[in-house]
Every structure is written in structure tokens, then in C-alpha cells.
């Protein structure tokens, strides 16, 4: 009989980005929580690129922050370069991104977990989940001991039956140099969960001292830089002050020689040599994948990103590969600035087990077993931010399950986390899932600037934001509404096309005026608080478009039964992405509703289809 060591409300398996947010959320809600890890020193490890955020991803980090999560605070404290992406486009598609000091990020997260009340770190491998009457009751570890629990969150990342590929070399592991987890796959087979194989990869790490930086383009950070957490100083803002010290990244490009080396050795890669059967991420392809799929492209952009302030390692973003190591050296040295580069760690691909997310409710609890939750790469997603967003929801709902309370659901119209979870649990995945703003039909509303306004109420209700924090948000919200009403009530005369017309000050925001313009040209006061000022301007600009978006979404729902002609030529439809065309040709949906439920078919694709069919203007 196994020895029962302890009893927990929630057990989290894994200490990556999903596991951290799940464990912290559950513990902060008052659940006695255990985090089981293979190595307590790698909690929060960045397996691939040393960065947080990106298109849509940065918005997710701010949503996690609004729910009381940790990722935003961690990157604000350990980031070494900060940028706002898509600044040439509207606010609705802008997102923050930051380079991280990888070692400091990991140390920060480990310290937070170690000091969190109700959270206990266990360096043991969970090899089995104990179930009675379709309800989780405990876990069993590789040491043969058992822990009782009411809920389990599985966040194994790439570690479940992970296999690393470098050329024709196959190495069992969850990350290069680290063991994989094996026992849990047997548990899932025993309970008839389908298991599929997905694949991802990472580039080599380069010795900074062997790079010729004079041959590279400099890519600096923004000034002022954006921050991720509303609670990082200065509190109540999404911006750092000007003058924050940052490091540079650099840009280089592949060459025809690079492409020749890759083509000559394609048969030696794990992917094209037939060793890897798992499906890789469409939007983060290996360099060999790019060369095959875009044969006419003369060069591919590469970002060289420092891995930290106290290391010589450089991450070459855009050069992941599973080529043999000797070919990797030749390939990297064919790139300007890298002619004499030395590789510290080789690039590799990794294949791992995934349970299809259609096995889950939108709460991230499995349909087969009560109290069993999944989050992160194990659900078929790719990316730290996607993992963390699922992790905080799974952790919250695991704690609520342990307390016998109703779960939470995040809706598509209130968060990108809600968009992601809805996509995963209703459409499933045929390849690793990555978030983009185009996946949301509500992107004019669920922006990076208003995450705290959208989700702070829920964060407070769950006990993950303090009363003081929520009070500040409500005060700012009242200020925003007060200024909006004021500007809507004030009218000014403006010359347009030779005519002078009267407009409300609010309407001017939709005509590319700023509040500073209003102050300078018409003498109106503007809000002193920087966040209030920014938010008033953005909300007034977007309000009419958000209403139009809402009406369009209502119309789209009514058009779901529209028939699609069997002989339709998807190549002739303007506005469809390559992925959308491929998926529509493959699945041949007979109605627009069926098309909308295919993995990878975005609301934008459905709109383009309906316009082509003459159902929308």
C-alpha cells in the first residue's frame, strides 16, 4: 500500500509558464496547493526565445495581470528591452513585447513561488493520477508515494514523452539536457484520452564574442517603453517613464548560400528526413520549413536577441532547425555578421504528447474526469503567453472545484484568453495554436490599453486583486467616464472641405484629432492623469466602430446557415489567408457556420467569404 504523505486542495503538475500561473492563482485564492516539478531550479525557465509579449500575446499578459497573475510583473522587473508593436496601425492591434533577462526571470518566478502562502514546491515526478468514481482524489509520484487532492492541473509543456531531434540523433528529453516525463501518458491511455504528437523547435545559442556587430542593423527599444503590469511603478499606467535603460537587439538576414546549404542537407533534418511525425507550428516554422515553403524568397530576417545582461549567449530568432550540428555551424556562418560565430548550444526540434483540447470544457476541466484540468502546450498551444493565460484560468477553476464553487468562463467578447479557450475547446487543434488579433471578432474592444478595465472586477471577485487595487481602477474608470461625457457635450466649429461645421469634441477623436490638439486649438482642458487621458482618447475614437463591429457580429451569426456552393474557388476570394484557403479546400464545408468552426478559420475569413457570396457589403 502506498504511503500517503500529505493532502492538498490543488496539485499542479509542471512549473513552466502555465504551471506558475495555475499554482499562484489557486494558492492566492486560499487553496492549499502543491506544484510538482522535475527540477525546482528550472521553475519559470524560458525554453525558447528570451521574450514575453508580441502581437495579441502582449494583450494576454495584461489580461493575466488584470486577473492578479504574475507574468506581467515578472517581465517588468527582469526585462532588458521594451517595445510596442504595430504602432503604425490602430490601437486595437498594438501589443507590448519585451526582451527578458532569462536567468533573472527564472529567479524572479522561483522566488515568488517559494514565498507564496499556501504554495508548496515538490521536486518529484507525478507518474499517475488517482481517480475514483470519475473524480480526481490524488496523485502518485515516481517515489511510490501518494498525495491526496481534490483537483489536478496538468501543465507538462513539451516534457510528456518528449523526444529531441538533432539531425538523425534522437534524445529522450523535455528540454535539451533535461529528462522527460513518461508515466502520465499511460494514465491518459488507460482512461481512453486520445494522444497526438506535436512538434516545435528552437535555434542554437550563439557566443556574443564571436559576432561582428558592425555588420548588423541595430534594433533599439522604445522610449518611453511600455510596461505590462498596471501595478509596476508608476502604478496606474501602462508606461514606464522616459529614459529607462535598455539594451539593443540586432538584425541580419539569411543569404543564397544559407539557402543552398539547407537545401543540400534537407534529407538530414529530422523533419524532412521523416523522423518527426508530429505537426509543427505554422507561424513559427523552422528555417528549413521556410526555405521549402517560400522557395522564391531571397532572404529571411533574423533578430539577434541577448539572453541576459550577464551572459554571452545570443538567441538568433528565426533560425530554429533540426539540421545535424556540423551543418548548423556551416549554415550559421553563412549569415552576415556570423561568419566566425561559435555555437554554445545546438538547435533542435522536439516532439511531445498532446491531449486534444476538445476533451475539455471551456473551464479547462476534462469532460471525462471531474477535477482534472489541462493548460499550456499540453492543450496544443505554442507560446509562453498562451500557456500562462490558460494556466491562470485552470488554476482558478481548480481552486473553485476544490471549494465546491461554480467555475468561471471567460467570454470571447471580454478577453483574448476567452477567444483562445473558446477556439481550443470548440474547434480543437490540427497544429500548434498561436494567438493573433485576427482570431478575435471583438478586437476593437479587447485591446491592450483596457485590459485592467475589462477584467479587474473578476480579479477582485476571485480575491486575486486587493480591495485597494480595485478601488484605484474604479476611480480611474469614473474619471474616464466623466471626461468622455464632458467631451460629448461640448461642441466646436471645424472647417471641413471648405465648409464650417459643428461637431462634438468627442467626434473630433474619430477625425484623427488628439486631446492635445483639442487643448491647443480650442482651449479645452485635458485629463492630467496619463492613463485617463490615453483611455479617453482611445475610447472616444473607437466607440462608433465598436458599435459597428457589434452589429456586424450579430449579422454574421444570423448568416451561419448560408450555403457554400460545392464548386466555389477559394483562390478567387480576396482577403483570405493562405491558411484559410488550405483549410477550406481540405474540409469543404457546406455552410458558413461549418466553415467558422474549422481550426484556423478566423472571423475575418468568414467576413471575406460572406462578402464574396454577396451576403455582406
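Any Cβ shown, glycine's included, is placed from N, Cα and C.
Model, not experiment: these values are computed from the prediction.
According to Swiss-Prot, the features are:
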- 14, 15, 16, 17, 18, 19, 126, 181, 377: FAD binding site (BINDING)
- 280-294: NAD(+) binding site (BINDING)
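Recorded features from Swiss-Prot, shown on the structure.
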residue : record              : DSSP (3 states)
18      : FAD binding site    : helix
280     : NAD(+) binding site : coil
286     : NAD(+) binding site : coil
292     : NAD(+) binding site : helix
377     : FAD binding site    : helix
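A sphere of 10 angstroms centred on the C-beta of residue 284 (NAD(+) binding site) encloses 19 other C-beta atoms. Note on the binding-site residues 14, 16, 280: the fewest other CB atoms within 10 A surround the CB of 280.
For the pair residue 16 (FAD binding site) and residue 284 (NAD(+) binding site), the C-alpha distance works out to 20 angstrom. For the binding-site residues listed here (18, 126, 292), the lowest count of other CB atoms within 10 A around the CB belongs to 292. A 10 Å cutoff on Cβ-Cβ distances gives residue 377 (FAD binding site) a total of 30 other Cβ atoms nearby, all chains included. Nearest in space to residue 284 (NAD(+) binding site), taking C-alpha to C-alpha distance over the binding-site residues 14, 18, 126, 377, is 377. Over all protein chains present, the Cβ of residue 294 (NAD(+) binding site) has 12 other Cβ atoms lying within 10 Å. Looking only at the binding-site residues 14, 18, 126, 377, the one with its C-alpha closest to residue 282 (NAD(+) binding site) is 377.
Close to residue 290 (NAD(+) binding site) in the fold, though at least 6 residues off in sequence, lie 297, 300, each with a CB less than 8 Å from its CB. For residue 294 (NAD(+) binding site) paired with residue 14 (FAD binding site), the C-alpha to C-alpha distance reads 37 Å.
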